[in-house]
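Annotated in Swiss-Prot:
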BINDING   T20, R62, H63, S95, A96, S198  phosphate binding site
SITE      S179  site 'Important for substrate specificity'
BINDING   M197, D221, Y222, D223  substrate binding site
SITE      V235  site 'Important for substrate specificity'
Amino acid sequence: MENLPTTYDGPVHIAVIGGTGLSKLEGYVPVAALNPTTPWGSPSSPLMIFEHNGHAVAFLARHGLYHQLAPHEVPARANIAALRSIGVRTIIAFSAVGSLREEIKPMDFVIPDQIIDRTKGIRPFTFYEGGVVGHVGFADPFDAGLAQVVEKCASAMKGDGVVLHNKGTIICMEGPAFSTRAESHMYRSWGGSVINMSALPEAKLAREAELAYQMICMATDYDCWRDEAGEDVDVAMVMKYMAANGENAKHLVGAVLDELLKQDNSDLVLAKKWQGSAQGAVKFMTKPEGRDPEAMKRVEFLFPGFWEQN
């Protein structure tokens, strides 16, 4: 990585945020390592630019290059802002999850369509504060168009019995400790499908930044609700299944990228659906007399030229 250029002039509209089990893009050649700074600090890792068949994709390691950042320490605002600043408009995020449903087996994949927030306010979770207020819609936290692309690519996975579930509700907990048994049963009663520590505020910030965002989840365990000896989740169990099914994770993400890079998906990749959604929410809230200059600069970083139009 030391010998890679630190600038890249070509368009980069798609990014992959890798979590536990996905640390690189197979078949892609690294061509640059960018180190942008944002008003919210530096991202978790350099933004690695990879090329494949003439197209560029950015890759960011959510927990750092050496997995040194706990879930509540991930600089999610810097991550999302840095990706947008280089031109990214679509994010495919990957996460290992615990299953809260019998039918979602370890090594199965899930395309979630909903989230329940069980974080505790420790993580900074909005771009719009400190003198500029914006209330952004989040009823459907993931991008339905991206979800359809992921589902279409299910055939890229290899092996008997590998299943891709086309919807589900993520419980996003604070961590870093796993759930108690009582909590796990409670989450099941709420209709939770899987549980992780990474979906928020990442998905919410992507929406505030007008990015198309979809998480791909791979189940590694049954959390601790099954009440059977030896089945309670621990790190060794998570890593065991990630190692066993890591190739399928890479195959699936690779197939999704190939599909997104087709011309037919250009509007989807450019997040045309979300353009103006957050800016409108900001524009009509805080009156000019109450706007803090520093907060205005932060919004300008996300949307250059914003205040000239508003």
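Even glycines carry a Cβ here, placed using N, Cα and C.
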Do you know offhand how many angstrom separate D223 (substrate binding site) and V235 (site 'Important for substrate specificity') by C-alpha?
11
Quiz question: given the binding-site residues D221, D223, which has the greatest number of C-beta atoms lying within 10 angstroms of its own C-beta?
D223
Among the recorded positions S179, M197, D221, Y222, V235, which ones place their C-alpha within 10 angstroms of the C-alpha of S95 (phosphate binding site)?
M197
Fewest other Cβ atoms within 10 Å: which of the binding-site residues R62, H63 wins that one? Let me know.
H63
Do any residues at least six apart in sequence from S198 (phosphate binding site), in the same chain, have a Cβ closer than 8 Å to its Cβ, and if so which, in order?
G19, R62, P71, V74, A93, S95, C172
Y222 (substrate binding site) to S179 (site 'Important for substrate specificity'): how many Å between their Cα atoms?
11
Greatest CA-CA distance (Å) over the residues M197, D221, Y222, D223 that the record ties to substrate?
15
Using C-alpha atoms, which one of the recorded positions S179, M197, D221 comes nearest to H63 (phosphate binding site)?
M197
Cα distance, M197 (substrate binding site) to T20 (phosphate binding site), nearest Å?
11
Please report the distance from the Cα of V235 (site 'Important for substrate specificity') to the Cα of D221 (substrate binding site), rounded to the nearest angstrom.
10
A96 (phosphate binding site) to D221 (substrate binding site) - Cα separation in whole Å
9
Spatial neighbours of M197 (substrate binding site) that are distant in sequence (at least 6 apart) but have CB under 8 A:
P71, C172, M173, E174, G175, P176
Taking only same-chain residues 6+ apart in sequence, whose CB is under 8 Å from that of S179 (site 'Important for substrate specificity'), what do you get?
G98, M173, Y187, I195, D223, C224
